[in-house]
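Undergrad: Below is the structure I would like to discuss, written out as structure tokens.
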Amino acid sequence: MSKLYFTEDHEWVSVDDDGIGTIGITDYAQKQLGDVVFVELPEIGREIERGGDAAVVESVKAASEVYSPVSGEVVEANDSLPEAPGQVNTDALGDGWFFKVRLSEPAELDELMDQEAYDAFVGELD
């Protein structure tokens with residue numbers, strides 16, 4: 001499995017050997033949201049900036065922006081999410097991914113947290 005990187009806004013990115021990052025929200029985030037009922041995904045070909053609005057997730061509790069942890073071009077969106085948004089709750093780090101990006105600035109990964117740092121960050125929130 002590729003290494004996971006995390007943001008303080010509870011997004012994750014996993015980058016493959018071809019420089020494609022798969023992006024989603026963390027298990028912590030989905031638990032805070034509650035049952036996800038709607039997901040709006042970015043368009044293929046869209047250029048997104050690190051920290052910029054990329055997608056929307058709505059739950060029974062709230063609507064929330066999903067920010068991109070990296071800059072690049074959207075190359076794929078998880079087409080199954082609009083029909084089955086609950087995948088975000090059941091498999092946030094797997095089938096519940098939101099979109100994939102061809103990284104334009106791979107060095108941005110160095111500014112993100114690894115699993116250990118993210119776990120410590122979340123531990124301070126509870």
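Residue numbering: from 1, along the chain as shown.
Note: Cβ is positioned from N, Cα and C throughout, glycine not excepted.
Not measured: the values here are computed from a predicted model.
Just lifted these from Swiss-Prot, have a look:
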| type | residues | note |
| --- | --- | --- |
| DOMAIN | 20-102 | domain 'Lipoyl-binding' |
| MOD_RES | K61 | N6-lipoyllysine |
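Give me the lay of the land around each of these features.
TA: In sequence order, L33, G34 are the residues of the chain that are 6 or more apart from K61 (N6-lipoyllysine) and have a CB within less than 8 Å of its CB.
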Undergrad: Taking DSSP states H, G and I as helix and E and B as strand, how many residues of the domain 'Lipoyl-binding' (20-102) are helix, strand and coil?
TA: 11 helix, 35 strand, 37 coil
